[in-house]
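Enquirer: From TrEMBL, for reference:
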{"type": "BINDING", "residues": "Gly33, Ala35, Val36, Asn40, Ser264, Asn296, Leu413", "note": "Na(+) binding site"}
{"type": "TRANSMEM", "residues": "27-45", "note": "transmembrane segment"}
{"type": "TRANSMEM", "residues": "57-78", "note": "transmembrane segment"}
{"type": "TRANSMEM", "residues": "99-127", "note": "transmembrane segment"}
{"type": "TRANSMEM", "residues": "179-198", "note": "transmembrane segment"}
{"type": "TRANSMEM", "residues": "210-233", "note": "transmembrane segment"}
{"type": "TRANSMEM", "residues": "253-278", "note": "transmembrane segment"}
{"type": "TRANSMEM", "residues": "290-311", "note": "transmembrane segment"}
{"type": "TRANSMEM", "residues": "401-422", "note": "transmembrane segment"}
{"type": "TRANSMEM", "residues": "443-462", "note": "transmembrane segment"}
{"type": "TRANSMEM", "residues": "474-497", "note": "transmembrane segment"}
{"type": "TRANSMEM", "residues": "518-538", "note": "transmembrane segment"}
{"type": "TRANSMEM", "residues": "567-592", "note": "transmembrane segment"}
Amino acid sequence: MAHAPEPDPATSDLGEERPKWDNKAQYFLSCIGFAVGLGNIWRFPYLCQTYGGGAFLIPYLIALVFEGIPIFHVELAIGQRLRKGSVGVWTAISPYLSGVGLGCVTLSLLISLYYNAIVAWVLWYLLNSFQHPLPWSSCPPDLNRTGFVEECQGSSAVSYFWYRQTLNIAADINDSGSIQWRLLLCLAASWAVVYMCIIRGIETTGKVIYFTALFPYLVLTIFVIRGLTLPGATKGLIYLFTPKMHILQSPQVWLDAATQIFFSLSLAFGGHIAFASYNSPRNDCQKDAVVIALVNSMTSLYASIAVFSVLGFKATNDHEHCLDRNILSLINEFDFPEQSISRDDYLAVLMHLNATWPKRVAQLPLKVCRLEDFLDKSASGPGLAFIVFTEAVLHMPGAPAWAVLFFGMLFTLGLSTMFGSMEAVITPMLDVGVLPRWVPKEALTGLVCLACFLFATCFTLQSGNYWLEIFDNVAASLNLLILAFLEVVGVAYVYGMKRFCDDIAWMTGRRPSPYWRLTWRVVSPLLLLTIFVAYITLLSQKPLSYRAWNPKYELFPARQEKLYPGWVLAACVLLSLLPLLWVPGVALAQLLTRRRMWRDRDARPDTNTS
């Protein structure tokens, strides 16, 4: 990252011209597509609702200003100035930091494995949405066709379709089970689509990104318009954004806000470094960092409105059905005329009957029907997409069309994120010359996608969902925190703040303000360190466990809490350390190489003559 204005690193060491984006829109949409992913749809709304939207936005915005945007700016700046992938960038900053780049590549590879498995699940649901009625709308008949499948009756049609007909999930992680061929075919199709889109790098992704990045906004807008017209939508939004200021006293809300910003912007993956390396060196990366980060956060808020307007409708619908079942029980028990009790009068009638006929009322199978309880039944992650939202869609007129739009949106969101994740892997490989130059890029890309597909087949086993949760919780979180910490510290203290500011001044025409310098030097590293300590503290307070779907569990359909066996814990440790092992390993190898060179030089006889 030379700070003098003369050199222009627009060409590689071999003198070959580096590919460039056709226009700024391609680069901007690629960064937006990479940053805006499935987490914006199914994690941010959940956190916002859990902690009370108005209150949660306070730590969220603080984390955005002092953590997200500053680190995002660092990644865009170093990628744009050096015009290399993550490995080349950190090797240029310091050979001892090459392991940071290799760690980013390894981490992106691990995340790509399970992320595209989720895309395969989405594809399976998308394909099943082109039918009426939807296959998760009712329970299938049993073998004797005298009733319904017991597991479905004990849970729900939506849960049964997800856990049994889609995942065919095992009751224990020790039981790997067999490969689910429908999921394997969807996984193969998902990797084939990814390969076709990234086959020529930004030359092809730059064309596809116009659709994959913009289509989700079109669908979100359609859902917002439709959702706001549904009965109960206002109740869902009020519940979502009602401030719970007392919740700010909990350290958990601050930790969740900071980590949400971190993962939402896809920091420390290496994808943004790769994308920025195809920019013109004189591009205003500071403006890009601020705009893209703000668009990403606004998208999360926009998605929350779309999601909770529909979930408010679902909660209202479920609340009304609960009241109707209780009213029917009262009418049948006390021989009231039909429709003699309205929903509005139910509580008053119940109180009167409970006062006059308490024993008869106590024998009835009445359930507590509170709207807040149904609104609380939101979920995060796949549970929101494949259970809660799919059930909400069933209540909407023209359900198959809404299902196609919803899962089509998730599919394109997943693809856009996969473009960035794979670019973070392939760009460094091309930069360091993993294969000979005569091997075409298409072949390298194909080999990487094929290898990823083969490794990802473990997620199509009956225990695959449990392993995907392990990859998501263990492989991603800890590694991303440490790699981002090393990134900002490496630039601020190893490369040097003055040199870095000189480079930004050369690229943008203005030196970074005190805000940028202070966050890079002090605030962001301390914030990341605090998050890391809090994460480790929370992790150590309870043993690692998972929630199994077990139809024989006495509290079924509640999921059974189980501890991971020892061999799985060993795999968790390996996954959490694998990307990070590159950092000390490469630094040690570099140190030993330098020492050997010094010894060889000292041992060489002096051939100079006097």
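Cβ from N, Cα, C; glycine included.
In TrEMBL, annotation is done automatically, which means it is predicted and not curated.
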Enquirer: With the transmembrane segment (443-462) as the reference, which stretch in 57-78, 99-127, 401-422, 518-538 has the largest tally of C-beta pairs below 8 Å?
Expert: 99-127
Enquirer: With the transmembrane segment (401-422) as the reference, which stretch in 57-78, 210-233, 474-497, 518-538, 567-592 has the largest tally of C-beta pairs below 8 Å?
Expert: 210-233
Enquirer: Taking the transmembrane segment (567-592) as the first stretch and the transmembrane segment (99-127) as the second, find out whether 3 or more Cβ pairs fall under 8 Å, excluding pairs closer than 6 in sequence.
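Expert: Contact criterion met.
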Enquirer: Using a Cβ-Cβ cut-off of under 8 Å, list the residues of the same chain that are 6+ residues beyond the ends of the transmembrane segment (518-538) and lie near it.
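Expert: Here the qualifying positions are 63, 66-67, 70-71, 74, 251-252, 255, 258-259, 262, 477-478, 481-482, 484-485, 488-489, 491-492, 497, 500.
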Enquirer: In terms of Cβ proximity under 8 Å, which residues at least six beyond the ends of the transmembrane segment (290-311) contact it?
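Expert: Cβ under 8 Å, 6 or more out: 28, 31-32, 35-36, 40-42, 44-45, 48-49, 53, 60, 64, 68-69, 72-73, 217, 220, 223-224, 227-228, 230, 233, 236-237, 239-240, 261, 264-265, 375, 378, 384, 388-389, 392-393, 396.
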Enquirer: Can you name the residues of this chain that are 6 or more positions from Asn296 (Na(+) binding site) yet have a C-beta less than 8 Å from its C-beta?
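Expert: Within the chain, Asn296 (Na(+) binding site) has Cβ neighbours under 8 Å at Ile32, Ala35, Val36, Asn40, Ser264, Leu265.
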Enquirer: Look over the recorded stretches 27-45, 57-78, 99-127, 210-233 and say which has the most C-beta pairs under 8 A to the transmembrane segment (253-278).
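Expert: Against the transmembrane segment (253-278), the leading stretch is 57-78.
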Enquirer: Take the Cβ of Gly33 (Na(+) binding site) and count every other Cβ within 10 Å, whichever protein chain it belongs to.
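Expert: Its Cβ shell of radius 10 Å holds 27 other Cβ atoms.
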